[in-house]
Structures are given as structure tokens and as C-alpha cells.
Amino acid sequence: MARLCAFLMSLVVVSYWSACCLGCDLPHTHNLRNKRVFTLLAQMRRLSPVSCLKDRKYFGFPLEKVDGQQIQKAQAIPVLHELTQQILSLFTSKESSTAWDATLLDSFCNDLQQQLSGLQACLMQQVGVQESPLTQEDSLLAVREYFHRITVYLRENKHSPCAWEVVKAEVWRALSSSANLMGRLREERNES
């Protein structure tokens, strides 16, 4: 029940993502793709999460770097881009293609690729807007290290079905945090 509630809450947050909160022109379809990404990820379940409890692992998600109060709008775009790129890399790997239903996986990756394209366009618009390079690089490095730990975990567990279920749950968490960041930035923009 708690997971269903979290899923529905994430969909609500994602549905209110606004391109204006990033200060760039993301198409309206970006919001729809975000909803679809969550829906597809939920549909990709192959095993009951209960059967994989013994395989759970703490990956050290850099919450303060992705959803912390100190992250600024200019920092958000590169961090969200990196997060999306890393998720796409995980799910386009050769090992991933054997773990999931091909149709769902293709749709999921296609929607992530479209989101990545929109974020890339935002990055290009942001050229010249400088955030502290050290702060931004610190956040990007934290995201990369987090996904490196996930990749190592998958390799150590020989890309087992339970390992992929654990990773899918972790990706859900990462996507939820990015949705929370977008919601917070939107609120900040509306308040100003």
C-alpha cells in the first residue's frame, strides 16, 4: 500500500513539472513522458519485490545533491541530465535487454531518450549561465559515483533477476527525487 501511495504521489508531482521552472523551453510532452516513464517502470516488474528482500542494498543515493534545498536552478539541469543519462545507460546495456520485456524496455528507453534530448536543449540554452563550477561538478560526480555503485552491484550479482528488481526500485527512487526537485523549483518560481 505504501508503494502504491508513493507511486501515485510521484505521478502527481511529475504531472505538475513545468518547463518554466527550468528556465528553458521543454515541450509539454516532457511532462507526459515523465508520467509514462513511471508507469512503464512499474509495469516492468518481473518478480515480487518481497522475493528479493535479501538482495536489497544501500547504494548511497546523493539525495542532498539531487533533491537538497541547496541545489540551484542552474545546477538542476546538468544534474537532471546526468541522472537521466545514467538511467538510460543502465537500461540500454546488453544485460538489461535480457532482464526485461523488450516492448516495455524499448518504450521506457525511448521516453528517457526524449527527456534527455529536452534536457540537452536546456543545457545548450544555459551556456553562459554559470553556477559555481565546483558545486556543479560535485553534484555530477556524486550522481556518477552512485550509478557506478549500482553497476558494480549488478555485475557482482551477475545481473540476476532479483538484482535488476533491486536496481529498478533504486531507479524509481532516483526518478522520484528528480521529480521532487522539479516540483520544488516550480514552487520557487511561482513564489517569486
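Glycine is no exception: its Cβ is also placed from the backbone N, Cα and C atoms.
In this structure, Cys122 (disulfide bond) is part of a helix by DSSP. The feature disulfide bond is assigned by Swiss-Prot to Cys24-Cys122 (among others), with similarity to another entry given as support.
Its own atom aside, the Cβ of Cys162 (disulfide bond) has 17 Cβ atoms within 10 angstroms in the protein chains shown. Summarising the annotation, Swiss-Prot assigns disulfide bond to Cys52-Cys162 (among others) and lists similarity to another entry as the type of evidence.
Annotation source Swiss-Prot lists N-linked glycosylation site at Asn190.
Residues or ranges marked as signal peptide by Swiss-Prot: 1-23.
Cys122 (disulfide bond) and Cys162 (disulfide bond) have their C-alpha atoms 36 Å apart, to the nearest angstrom.
In this structure, of the disulfide-bonded residues Cys52, Cys122, the smallest number of CB atoms within 10 A of the CB marks Cys52.
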